[in-house]
Amino acid sequence: MYLLIVFLPLLGSSVAGAFGRFLGSEGTAIMTTTCVSFSSIFSLIAFYEVAPGASACYLRIAPWISSEMFDASWGFLFDSPTVVMLIVVTSVSSLVHPYSIAYMSEDPHSPRFMCYLSIPTLFMPMLVTGDNSLQLFLGWEGVGLASYLLIHFWSTRLQADKAATKAMPVNRVGDFGSAPGISGRFTLFQTVDSSTIFARASAPRNSWISRNMRLNAITLICILLLIGAAGKSAQIGSHTRSPDAMEGPTPVSASIHAATTVTAGVFMIARCSPLFEYPPTALIVITSAGATTSFLAATTGILQNDLKRVIAYSTCSQLGYMIFACGISNYSVSVFHLMNHAFFKALLFLSAGSVIHAMSDEQDMRKMGGLASSFPFTYAMMLMGSLSLIGSPFPTGSYSKDVILELAYTKYTISGNFAFWLGSVSVLFTSYYSFRSLFLTFLVPTNSFGRDILRCHDAPIPMAIPSILLALGSLFVGYLAKDMMIGLGTNFWANSPFVLPKNEILAESEFAAPTITELIPIPFSTSGASVAYNVNPVADQFQRAFQSTFGNRLYCFFNKRWFFDQVLNDFLVRSFLRFGYEVSFEALDKGAIEILGPYGISYTFRRLAERISQLQSGSVYHYAFAMLLGSTPFVTFSRMWDSLSSWVDNRLSFILIVSSLYNKIESQDSKSNWRA
């Protein structure tokens, strides 16, 4: 049963890809949805067997790579973090698949889409269940491949092609950290087995001093792993690919940004908690990166006009909360927020997809408005998701986001206070852009085309049922699971996310945090909603009233996403493109490699053949003269051999050569022994 959780999506994707043209759209949809649904059911059973009793299950399937001391086997580990992630991945995917059947019903390539949609549901369980670094890296690369294929599904659209092309090198930048980090773990611990590495993590390791800084090997490895996590989980610097991924179909956005690709980095940090706990420098860097990302994404989302991009920036912001929760050594709370976030973020994306699908694929909120009467069900679903996103009391999001902010406050460090205040201010901006998107889409006077208004309709039943189930999760999962997963004294995690005793502050945040600190998110979220309500209906008058040079520059700064894309293009991308053309292409490919390679060899032989062909004059005396020149040295040597043979003995020559080689070998051995 445990193996079926991983391999059923593989079966569905393989059958849809190999026999899609024979099964048709309905056959591939039934096949992939059935496989993912059964995988979700088995994940629930595995959760019931593993998590409540904290009884991990380990399966060793077969040897994979075995070379002297290096041993990597196919093994699967099912512990509490694993089964929680499996529920998140398979549950959301099993709801996205039937939604996609209705959403992509008119697309002629829907069998290929259903094949692609099952790929992240295959590689993400492989990533979370892997018991060694190589298997984790295989799943890591697989989810990156899946994101490229899904974003690039509408390959005839220029923006989709550009977004997929951008996603791949950004993933490669993350792999530039994760691959050396995994190699460094093997170099340091001489194994790729995760349990062995974590058991030896507390042993003191060598450090070195560089530029008056003492660097520890584990610190360097953790920072490299953080770079990899930042590339996958859209942290600062690598966050630019996340909004561009909205060029794919909306079910793709729900799958990637709620359950699969972007959660991989958070899970890897939580899984490697025994490594991250010992170097305090790495924890400070993680906290700073996560807090900065949450603030940056929240401030960027306030002026975006694309409905899906606004939700994408909210994903980046929430991932920042998860990352800095790991930085303050509360990995269980981070995974708990990841689970809660999956439900309300999938709900928001599917609700946005219902609007976009009915409005002839229009995503600009400024061209919508007044849709609450036409989409009452979708409006209610999106309102529930937004309330959970901003952390308003009682929905799912508040049970984890508020705990993260309280933990950051009771850390009593500079990095903890930095994360607390940036996270609290981010609540204000999150509330503003969430309600701004609601007002612009559903409540303000309509700006839509008449033909779209006449043809628009609320979500059909196949699209409505997944939204209802996700809405229930967005309202009740946090309440039902809080005490079990992050309550005081719970043994749910069974020490799987390892935390040093000095870093354990959950009890202090529960009892020692001031009441005013616990209530800070409420006025921030209320203020953001009220500002959105009062500003957006009179947005034009508001902009004219505050029009100034500084105001225009500030608006441009946030609307252009902090100019991250421009800076990266001007200083990095163009430099690499110039290097690739002038050095790699002109100097190497079209230069040295061609001259020394096939082109140079063919050119040399062609010229040599031309020179030799010039000797073919057709005159008999020229050929006779050439034969005379060739035969003269041969005849001369053969006649002189009789006189030289008395001076040269073949046997003595052979003995001389062998003895000289033997003397050379003996001299080298004596030198090496003397050095030793």
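In case you wondered, yes, glycine gets a Cβ from its N, Cα and C as well.
Feature annotations, courtesy of TrEMBL:
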- 1-18: signal peptide (SIGNAL)
- 28-50: transmembrane segment (TRANSMEM)
- 64-114: domain 'NADH-Ubiquinone oxidoreductase (complex I) chain 5 N-terminal' (DOMAIN)
- 83-101: transmembrane segment (TRANSMEM)
- 132-420: domain 'NADH:quinone oxidoreductase/Mrp antiporter transmembrane' (DOMAIN)
- 136-154: transmembrane segment (TRANSMEM)
- 215-231: transmembrane segment (TRANSMEM)
- 251-270: transmembrane segment (TRANSMEM)
- 282-304: transmembrane segment (TRANSMEM)
- 310-330: transmembrane segment (TRANSMEM)
- 342-359: transmembrane segment (TRANSMEM)
- 379-397: transmembrane segment (TRANSMEM)
- 418-439: transmembrane segment (TRANSMEM)
- 459-481: transmembrane segment (TRANSMEM)
- 620-641: transmembrane segment (TRANSMEM)
DSSP says what for the domain 'NADH-Ubiquinone oxidoreductase (complex I) chain 5 N-terminal' (64-114): how many helix, strand, coil residues?
29 helix, 13 strand, 9 coil
Would you mind listing the long-range same-chain contacts of the transmembrane segment (83-101), meaning Cβ under 8 Å and 6+ residues beyond its ends?
5, 9, 29, 32-33, 36-37, 39-40, 43-44, 46-47, 50-51, 110, 113-114, 117-118, 120-121, 124-125, 128-129, 249, 251, 254-255, 258-260, 263, 267, 335, 338-339, 342-343, 346, 350, 353, 462-463, 465-467, 469-470, 485
Positions whose Cβ lies under 8 angstroms from the transmembrane segment (379-397), at least six residues beyond its ends
314, 318, 340-341, 343-345, 347-348, 350-352, 354, 371-372, 427, 430-431, 434-435, 437-438, 441-442, 467-468, 470-471, 473-479, 521-522, 525, 528-529
For the domain 'NADH-Ubiquinone oxidoreductase (complex I) chain 5 N-terminal' (64-114), what's the model's average pLDDT?
85
Ranked by Cβ pairs within a distance under 8 Å of the transmembrane segment (310-330), the first of 136-154, 251-270, 342-359 is 251-270
